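Engineer: These came from TrEMBL, pasted as-is:
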- 1-36: region 'Disordered' (REGION)
- 26-36: compositional bias 'Low complexity' (COMPBIAS)
- 177-293: domain '1,3-beta-glucan synthase component FKS1-like' (DOMAIN)
- 329-350: transmembrane segment (TRANSMEM)
- 362-381: transmembrane segment (TRANSMEM)
- 401-419: transmembrane segment (TRANSMEM)
- 440-466: transmembrane segment (TRANSMEM)
- 505-523: transmembrane segment (TRANSMEM)
- 552-569: transmembrane segment (TRANSMEM)
- 1035-1064: region 'Disordered' (REGION)
- 1360-1382: transmembrane segment (TRANSMEM)
- 1531-1553: transmembrane segment (TRANSMEM)
- 1637-1660: transmembrane segment (TRANSMEM)
- 1672-1691: transmembrane segment (TRANSMEM)
- 1698-1721: transmembrane segment (TRANSMEM)
- 1741-1760: transmembrane segment (TRANSMEM)
Amino acid sequence: MSLRQRPTRPGPGATYGPGAGPAAPPRTTAAQPTAGEGEDEVYNIIPIHNLLADHPSLLFPEVRAAMAALRTVGELRKPPFSRWHDGLDLLDWLGAFFGFQRDNVRNQREHLVLLLANAQMRLQPPPDNIDVLDPSVVRRVRKKLLHNYTSWCAFLGRKSNVWISDAGPRRVATDPRRELLYAALYLLIWGEAANLRFVPECLSYIFHHMAMDLNRILEDYIDDSTGQPALPAISGDNAFLARVVTPIYDTIRREVDASHNGTAPHSAWRNYDDINEYFWSSHCFDRLRWPLDRSKNFFATPPTKNRVGKTGFVEQRSFWNLYRSFDRLWVMLILFLQAAILVAWHGDTYPWQNLRTRDAQVRVLTIFITWAGLRLLQSLIDAGTQYGLVSRDTKLLGVRMVLKSLAAAAWTVAFAVLYSRIWDQRNRDRQWSTAANHRLVNFLEAAAVFVLPELLAVVLFIIPWLRNFLEKTNWRIFYILTWWFQSRTFVGRGLREGLFDNVKYSLFWVVLLAVKFSFSYFLQIKPMVTPTKAILRLQNVQYEWHEFFSRTNRFAVFILWLPVILIYLMDIQIWYSIFSSLVGALVGLFAHLGEIRDVQQLRLRFQFFASAMQFNLMPEEHLFQELGTLRSKFRDAVNRLKLRYGLGRPYKKIESNQVGPSRFALIWNEIIQTFREEDILSDREVELLELPPYTWNIRVIRWPCLLLCNELLLALGQAKELKADDRKHWRKICKNEYRRCVVIEAYDSVRYLLLEIIKEGTEEHSIVAGLFEEFDSCIRAEKFSVEYNMGVLQSIYDKLVVLLGTLVKPNRNKNKVVNTLQTLYDIATRDFPKNKKSIEQLKDAGLAPTGSSGLLFENAVELPSAENENFYKQVRRLHTILTSKDSMNNVPKNLEARRRIAFFSNSLFMNMPRAPQVEKMRAFSVLTPYYNEEVLYSKEQLQSENEDGISIIFYLQKIYEDDWSNFLERMRREGMTDEEELWGKRSRDLRLWASYRGQTLSRTVRGMMYYYRALKMLTFLDSASEIDIREGSRELHSVGSSKRQKTELDDSEDGGKSPSRSLSRASSGVSLLFKGHEHGTALMKYTYVVACQIYGSQKAKNDPRAIDILYLMKNNEALRVAYVDEVKSGRDEVAYYSVLVKYDQQLQKEVEIYRVRLPGPLKLGEGKPENQNHASIFTRGDAVQTIDMNQDNYFEEALKMRNLLEEYSYKYGSRKPTILGVREHVFTGSVSSLAWFMSAQETSFVTLGQRVLANPLKVRMHYGHPDVFDRLWFLSRGGISKASRVINISEDIFAGFNCTLRGGNVTHHEYIQVGKGRDVGLNQISMFEAKVASGNGEQTLSRDVYRLGHKLDFFRMLSFFYTTVGFYFNTMMVVLTVYAFVWGRLYLALSGLENSISSNADSTSNAALVTVLNQQFIIQLGLFTALPMIIENSLEHGFLPAVWDFFTMQLQLASMFYTFSMGTKTHYYGRTILHGGAKYRATGRGFVVEHKKFAENYRLYARSHFIKAIELGLILTVYASYSAIAKNTFVYIVLTISSWFLVVSWIMAPFAFNPSGFDWLKTVYDFDDFMNWIWYPSRISATSDQSWEKWWNEENDHLRTTGLWGKLLEVVLDLRYFFFQYGIVYQLNIASESHSVAVYLLSWIGIVAAVGIFVVVDFARDRYAAKEHMTYRAIQSFVIVFVILVIVLLLEFTSFKFIDIFTSLLAFIPTGWGLILIAQVIKPFIESTALWETVVSMARFYDILFGVIVMAPVAFLSWMPGFQEMQTRILFNEAFSRGLQISRILTGKKQDTI
């Protein structure tokens, strides 16, 4: 019970609900307060406007205290120009003075009241007067809201306008009202700021000036110009929106317009960050003024010349960003590489042996020259990318750029000169003389000065608090000292962690780098030295082409070293994967993950569940003073040990006090009940799993039948076999808690059952009672085994089984019951006692009938009626206990139910904070952005079939067979007589069932509303007395589960309100015991807002989605929907509003709560964060959980939410958390093998990966949902995501970047989980990965990544790089390694170098090359992705299952999938950095069982995979033909197997993972469809899905918008295709082994001729094919004859041979493709010429050619028998293993559908 006095609660009969009043009258958005805020006003959560309302939230004294505090207007000067009356409060007063909108005032009033009331509820100890708002509460809320503002003021050297001192002598005496006014003013500014919420320091600027205006009013200043009392600079109706928000919004909007939908270079326009960082300079005060001066150049936008440009950072598209952001990493790698090569060059085994001579030692000093050169490179890149920041106001920045470049150049020159002087002296003296050593000392002295800043950084790293102090302090002297090193920024200061955390992650990286560098030295670098020396010594190389340069041996060395260097630069990623997996497993073990994995382990721990649940989920009951003390912490630790390891007897009070088990039983049974509602359990399984309450006078806790199976039989066998006294018998039984309980329960149950079915008052009744009295007396005297024959127990057991078997049947045979009772009586009186008694003795003892009329029990048995469900439920339980002989390891049957029970059970024994009472917990909200996805599947969607005849409902029935049978069972129990009803009056139930198995909004809403349901139940348990709980348990049991769920169905489809339709399940389980206040408490603590951006337009169009959203609101009272409403006013004017609506249960309609006007259209940046931002003003509480539309939640996990929120009270390292990371479970893994791969990959990241990032590496970011944000912290720091167009396309992770840069802390917690859906088809997965890879490309360019790369210490920087953009960069490096290797090998083979090298310096047996190829292959196969999966699976499911899963995945072509996925990441990451083009890609999130056509796959993968694979395949083929060493087949296979695997994977994966991918008929139809698409005319209305030309243009759009450097690099890369021609023409017979350059030049004649022929034929086809067919045929014939003639002449008069035709194709086809690619780059110059038509025609020809090449192996495999069945098995093996009929899904057996 709460220790605070509460007003009387209403009784159980009272009804409450949001919106208990009639609808509100039409409202205006006027700022002035009105008197109309009366009893009829619609409210959101609590009716603040009406203190007399009958609402449970108003019974909390804290709510009344907060409301009273806001009404203390008192003697404050009344606002002029507006009506004022006594009922108005401080927010009305602010609104009237400053011109805020009325609904903004109303919204923030409720917001502030809830903040204050909840904060006061959490006060420990409670205040003396709970009816008055405690000043400390107001102060705490104000300080947290304005903390960022005060930091900003300090940063700019401005005095804060919050005239309240938090320390020292106070300028103004503490006044809670003043604190309230500051907090309320900030909330009102924030609530109306719209898109400006993304620019938090801009809000600080606004607040700074408005707070000053507020101070002038409060201090009664007089306006000098008017002589009147001072008024705010901004006032009047809607003045704040019109005069403050709109001007800045319009500026941002025009900048976004200048971006041309994000296609313009980032440097050409200002994004949100640029606008915000303008306010990081004190110049903003001088230039913008107050009120805002719109004539200033800040408000000027492109193309105005004098406008304010980029601020703080310029995003430039270049791979140099990776070097610029992470220069310390690259310096380390390059310097070690140089040093290792220099050391290894001497050839000794160990590096220290090579450093014995002074010569070797001095050569290593060249790393300082390189280091200085790298600094010069860094400074030049800085200047080259950031010159746009230099302006009249930032001259010093330009000066610094120049000076840093000059200094770096000076150091480079100085080191070079000093180094050369050393050797000059050494060579002159021919020894290391004193003079030479002196020059060496000079060099070392210079080096010491050079590294001085690095040494200082090391010292500050060792003392992190000193570094934090220096960075956070705002003393000007420190600005001057640090000016040289970095620009001063408001964020990124004081990011160092505590010393203990430093040690942990430093140790991780020191060990990792030691292993990596040792490996690199001994296995990569050192083995390359010998072949390098041999190649450099090569003389008289016989080249097979014209060699332009001499000494090309060096180029051969470069080619050999290139793959080695590329792998050397990226293989830290492999080592990180290995080390993070091992450390993650270790952290997981210490966190006690995976201790309960299956039913067997569940049985072992279940007896401690009540204690564990009481300990973790129930609040502590001791005094407040003990909380958080050392004593309480020690006691908690001891209790956790007892629970975890079973120390001490569980349930000390079980037999004397039933409250502990009853409380546990209520929670456990509610969990099981939700499982049943979700149809993952059957009715029978519910009975086996639930905990029956105290009944039938049973003296022990009644464990679930699942745990008691076989225990009674074991006890019976023990009783028969063991010859011992009672005490030994009982001691042996008591060794097993379940056996002890089942023996007592069976005995008590049998006694109660027999006495219940025998009429009371009859002689038989007294006989049975007497028999049990004798049994009891013998047991008490411990003489049972003496008095009775234990061997007869088996006969008694057999007869009891017969009796119970009769009772559990629907048609109960009373005569059989009587006969069985008679037999039991005979056994009990004759056979059972060892001392036989005569009839007379039995009569004397009252154990035999005295009369002789009729048979015994004949007239005494009276069976309870069938309506007595409770009685027969207990009979079934007793029958189960007696008859169960197996271990019930297959209960529950459903795998999802098993997983959830195991996880929840395990989590109860993990470390988590103790739960507070619900009233004292932190309040929180859940926010879900929604656009236009599915809400509920319609009947039409469920029934519509794809081309294979498969409907969604059929698919779901087969995939979720258990769920479907459970659903039908539930429907029949609720009155369904025919399955056809599911398409009629019960169609809503069917639609819900299907929707809960898809990735729909209804599934997400159901999951999130479990929080509300859990909080109501926990509120009841917090306040319920022992009597309430005990009696409630019995009441629930007497009601019976079936009756709880009985309601009537309406005849209409949507009119019914059956429990299956009620998503909130208000009528189930514990809710029947509620007293009335529970939902009021829950509403105060929890709000769910779904940001349905276009709900308004959906309603206007009568979109079915709007109807479904309304249905969700109707059935979930805590659900609110926020949307943007567009209202046309005038001819072209449109007003935009943020609107919040709910469903009013009394009015039975949707009502509007708030309508806040926006300055313009919502979407200026990325859509999702803008949607979240507009709805964020309607969230409440201290925390907000971000949940995406493809997520789910579970009731049992919702119970732990208040534990999770307590994490905000604890420090993790040196800081308290600001984001609580939550574990996810990917629920889409069972659909197909592809979904399984994706699920496994995702699961390993969201568990083990994020676990390591949080601890020990301290670089976990926010990777998406379902993290929990400290709402007030983020509210004033830019919100929960960033929204700038394109650069923030991966909006979620920028919240993590922003959090870390602003000094937040991100943690990770695995005792709670949330469900998440993932894409399940290859095309969906590829689009998702393309989006993420593109997003990482944009991150690489961003200021956030740059600042983190520089502001984090060295080791955290490494962690950050390798877990964000570095992962994608290194993936690209793997593909580049393949390219470097195969192109290098091709060069060596065609030039003739390889032949010479193989004879003199065999490079193929080189250990370094083998090592590199192995590493590359390991990454390519996804093995380093698989390692975390294996280890996490081992941890949570066991080692053998993990290994088996891994091998199964390999058999299902997982490596092909991961290799293909690598190509997707590489293509989109690289293209985005070079050219842009990142965009949101809708993946659909649907079920994928349909065959994707070849044309669709070609469109998606042609540029990213197919063409690249064909290029590599061509190179490998040419290499096999012309390589000297490829003649050895084994050597060729070893060298090229990984490359060939990549080629095969990139071509075949889209078809191997495509349902019916190798079906012959579909392959034929697909090719026809592909050719139709190729030749479809390009009309204006045509889409890329219809027309090849439209697709081709769109595919090359990025080249149109890329910059000059992007185009130049593209052309340079395209030049590689001409190398084929150069290398191969010298191999033609017609070349006659000539090595003249003329051979190459003459080969271009062939290119021109081929193009000419193509142009002629193409022209003829367009001109004559349709109308003058004979002319067209004649031209064709002429061309053919001409080509044949030329070939004949060449054969006759030259060395030309027929094979040269095919060889030349290898040369000319790549050249043609290269020409096309270059033509695409220069398209703007040639598009208007006739040449462009030729380019388009040639490109179409090439795409046909590529299509045929890709289609050929597919067609062959389709034609081969058996491959289709094999592919189906591979694709759906996971489902096969569950006995599902996938083949029926694919062949469409429609007759099996309902």
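Note: Cβ is positioned from N, Cα and C throughout, glycine not excepted.
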Engineer: Which residues of the same chain, at least 6 past either end of the transmembrane segment (1698-1721), have a Cβ under 8 Å from a Cβ in it?
Structural biologist: 1511, 1514, 1517-1518, 1596, 1599, 1607, 1610-1611, 1614-1618, 1620-1621, 1623-1625, 1627-1630, 1643, 1646-1647, 1650-1651, 1687, 1691, 1731-1732, 1735, 1738-1739, 1742, 1745
Engineer: DSSP on the domain '1,3-beta-glucan synthase component FKS1-like' (177-293): how many residues come out helix, how many strand, how many coil?
Structural biologist: 78 helix, 2 strand, 37 coil
Engineer: Please report, as numbers and ranges, the same-chain residues at least 6 past the borders of the transmembrane segment (362-381) whose CB is under 8 Å from any CB of it.
Structural biologist: 320, 323-324, 327, 330-331, 334-335, 338-339, 342-343, 355, 401, 404-405, 407-409, 411-412, 414-416, 419, 422-423, 426, 440, 443-444, 446-447, 450
Engineer: I need to check the long-range neighbours of the transmembrane segment (552-569): which residues 6 or more away from its ends have a CB within less than 8 Å of a CB in the stretch?
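Structural biologist: That would be 333, 337, 520, 524-525, 528, 531-532, 535-536, 538, 541, 543, 1373, 1376-1377, 1380-1381, 1384, 1387-1388, 1391, 1393, 1397, 1403, 1406, 1408-1409, 1412-1413, 1415-1416.
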Engineer: Taking residues 6+ outside the transmembrane segment (1672-1691), which of them lie with a CB under 8 Å of any CB in it?
Structural biologist: 1630, 1653, 1656-1657, 1660-1661, 1663-1665, 1697-1698, 1701
Engineer: Return the average pLDDT for the domain '1,3-beta-glucan synthase component FKS1-like' (177-293) as a whole number.
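Structural biologist: Looking only at the domain '1,3-beta-glucan synthase component FKS1-like' (177-293), pLDDT averages out to 90.
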